[in-house]
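> Take a look at what TrEMBL says about it:
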type	residues	note
TRANSMEM	6-22	transmembrane segment
TRANSMEM	34-52	transmembrane segment
TRANSMEM	119-138	transmembrane segment
TRANSMEM	158-177	transmembrane segment
TRANSMEM	197-215	transmembrane segment
COILED	236-263	coiled coil
TRANSMEM	390-408	transmembrane segment
TRANSMEM	437-458	transmembrane segment
TRANSMEM	537-554	transmembrane segment
REGION	588-654	region 'Disordered'
COMPBIAS	588-621	compositional bias 'Basic and acidic residues'
COMPBIAS	635-648	compositional bias 'Polar residues'
REGION	674-709	region 'Disordered'
COMPBIAS	697-709	compositional bias 'Polar residues'
Amino acid sequence: MSGAALGIEIVVVFFLALFLLHRYGDFRKQQRMVLFGTLLAWYLCFLIVFILPLDVSTTIYRQCKVYQEKHAAVVTVGPLPSNQTMANSSVTATPSIPKPCYKPWSYIPDGIMPVFWRVVYWTSQCLTWLLLPFMQSYARSGGFSITGKVKTALIENAIYYGTYLLIFGSLLIYVAVHPEWHLSWYELQTIGITAANTWGLFLLVLLLGYGLVEIPRSYWNASRRGHLLVKTYFKAAKLMTEKADAEENLEDVMEEVRKVSELIKYNHQLRKYIDTILRKCPTDYQEKMGRNMDDYEDFDDKQNTYPTEKNLVKLHKQVIYAVQRHNRTRVQWQMLLQQAIHLEDVARNESSSAHQFTHSFPSTEPPGWVSRYLYTPTIEWYWECLLKQWFYRLLSVVLTLFSVAVVWSECTFFSTRPVLSLFAVFIQLAERDYNYLYIEMACFVTIFFLCTCVYSTVFRIRVFNYYYFASHHQTDAYSLQFSGMLFCRLTPPLCLNFLGLIHMDSAISQQQKLQTAYTSIMGSMRVLSFIANGFYIYYPMLIVILCIATYFSLGTRCLNLLGFQQFMGDNELTSDLIDEGKELIRRGESHDTKRQRTEDGENRRREWDERYGKQREDYSARNRSTYSEMKETNYSDTATPVNTNRQAKYSRAGSRAERDCVELLQDAEPLDFNADTLTDDPLDANSTRHAGGRYLSMSSSQSRIFDDV
């Protein structure tokens, strides 16, 4: 199994990152460069999180081997001096005869992890500080060529990169003018890593303090279906306002595009840029603008003021933004409407005595294997109306205990004697018995919970409409790449903070222990002792204040005072928005009812055509052949009695079933509704026309040849 666990996790993490990117991004419409950069950033960050527990277990095994070698040397040479006892190299008291070291199942050979961490870390840092900012500007640019987009991106990032170069150059000059400072390349590298991790830790504590409280509370609120339904109504009112604003913005931009499109005709040199802009517009707007266009016009004969290429680049950027925002709000409204309908269905089914879940708008598609055998209406009722809320409450309690443990450990992880950090206690208890599986699982669960709190907060952040994460493929390129930048900057300090919680970082715990391969890549923090002994230890304590502020919703109250409507139960404006959202959902349900009726009618018509299409064709062919025979008979034998001809002309099947079938298939031929008389029973033997009107082949102009019979 040597190295097999590493390879398996590398593959699994890749598909996890690909799945998340597919959920938020759009593989068909967004640029390949944007998708690749975001995927690579997410993949590297998730890889660090999943591989770090293997590094911890491997380090514990190596430390055990080192301790055995030292113990063997003590037995051979004799006792060491008191200041070099083995007790100084271990956190806990160890027996005189050490236990045998068992190689973990996920052991990674020496030399692999340092190279692996070096490649992953420096690649992620190049992405977050160099490539992703450039790709952000490139994706937002409205240029019509690659050269134009690159030029725009370089201009926008000139200040960004220039600031970094200025700071770095100032530091180098400051070091050069102090001859007592002799910093090597390794120490300069460590200073750069420390500066990046310090910036990341500053933002990490802010996001972690919010997530530790909000994630357990969100699951607790999800168990309160009445609260969740009311909040959905509130979201509906706010989203409808945003949706109306997006539609109005799109109309204004499309009007500007229409004016420019009518001004610049097909023989103008800027027409190719107009065509590029039109391809980004919605289909219905493209058709409207296409109908109003002339094929050719001599623009030289008119004294018109034409826009410049720079103006068209700006218009192109506005079109991309307006169309993406309009599509996002439209999809979000449909998803929110479905969520509200589902919550209303749950509230209605709670009082059902049949214990079978019924939907207001059942799916038109045939039920699958899962719906027929596993997730039946009875099981769905028990899950939605009974078990789901208790499951969410239990999960909320478990997450709350995790949050309390994290807050306590963040405030006490610097204490090594006694060990107060709960996660360090758990790891050291497992380390005594060399239970590597428990060590890896405990490390993975802990770091996964920390990452969930931080990353979910990144997904929830919204900076107006510039940075906004929306599921169902509605996240724009700028937000995707900005999230990749944040992940790459937050993950390294988060992992170092986790290693400090379990006392595996000697720079913080001040213990003579074997370092992990990940810590060795970060460099020794003792180069900047005021950061290692000050900021890294005391700044995480600020998480207590942030958790208290999040629990009492101080941020929400401040935003509400500034005019940004937030969901607050004791607010009059919130109540008005809830009532408005409820009315909007009701209108949306009536619209969905009409749409479903139309779809049901189309489905029934389609099933009818599939079932009786062949029979209709057979009946049509038999009708035409019958008429031909009747026509030949009437021309060849005019002396036939009237009653006989009439019987031959209107002879039809005697069975009632066939008459019913004929009645249903009455539109087999094109009909002429210019007949003079209509009968109630089209299949009556005394009727003078077929059902639904006279056949075109037996119209009144041709039927007069039988008047003398």
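Glycine is treated like the rest: Cβ placed from N, Cα and C.
What's the neighbourhood like for these features in this structure?
Residues of the same chain lying 6 or more positions beyond the ends of the transmembrane segment (6-22) and with a Cβ under 8 Å from any Cβ of it are 35, 38-39, 42-43, 46-47, 50-51, 54, 106, 108, 112, 116, 473, 480.
Same-chain neighbours of the transmembrane segment (119-138): 33-34, 37, 40-41, 44-45, 47-48, 149-150, 152-154, 156-157, 160, 164, 196, 477-478, 481-482, 484-485, 488-489, 491-492, 521, counting only residues six or more beyond its ends whose CB sits under 8 Å from a CB of the stretch.
Residues of the same chain lying 6 or more positions beyond the ends of the transmembrane segment (197-215) and with a Cβ under 8 Å from any Cβ of it are 399, 403, 406-407, 450, 452-454, 456-458, 460, 486, 489-494, 496-497, 522, 531, 535-536, 539-540, 542-543, 545-547, 549-551, 555.
Residues 274, 277-278, 281-282, 285, 288-289, 292-293, 304, 306-307, 312, 315, 318-319, 322-323, 325-326, 328-330, 332-333, 336-337, 340, 565, 577-578, 580-582, 584-585 of the same chain lie 6+ residues outside the coiled coil (236-263) yet bring a C-beta within less than 8 angstroms of a C-beta in it.
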> Compute the average pLDDT of the predicted model within the coiled coil (236-263).
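In the predicted model, the coiled coil (236-263) has a mean pLDDT of 91.
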> Does the transmembrane segment (34-52) come near the transmembrane segment (537-554), with 3+ Cβ pairs under 8 Å (pairs 6 or more apart)?
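Between the transmembrane segment (34-52) and the transmembrane segment (537-554), contact is absent.
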> Which sequence-distant residues neighbour the transmembrane segment (437-458)? Criterion: at least 6 residues beyond either end, Cβ under 8 Å.
49-50, 52-54, 56-57, 60, 104-106, 204, 207-208, 210-212, 214-215, 399, 402-403, 406, 423, 426-427, 430-431, 469, 483, 486-487, 490-491, 494-495, 497-498, 501-502
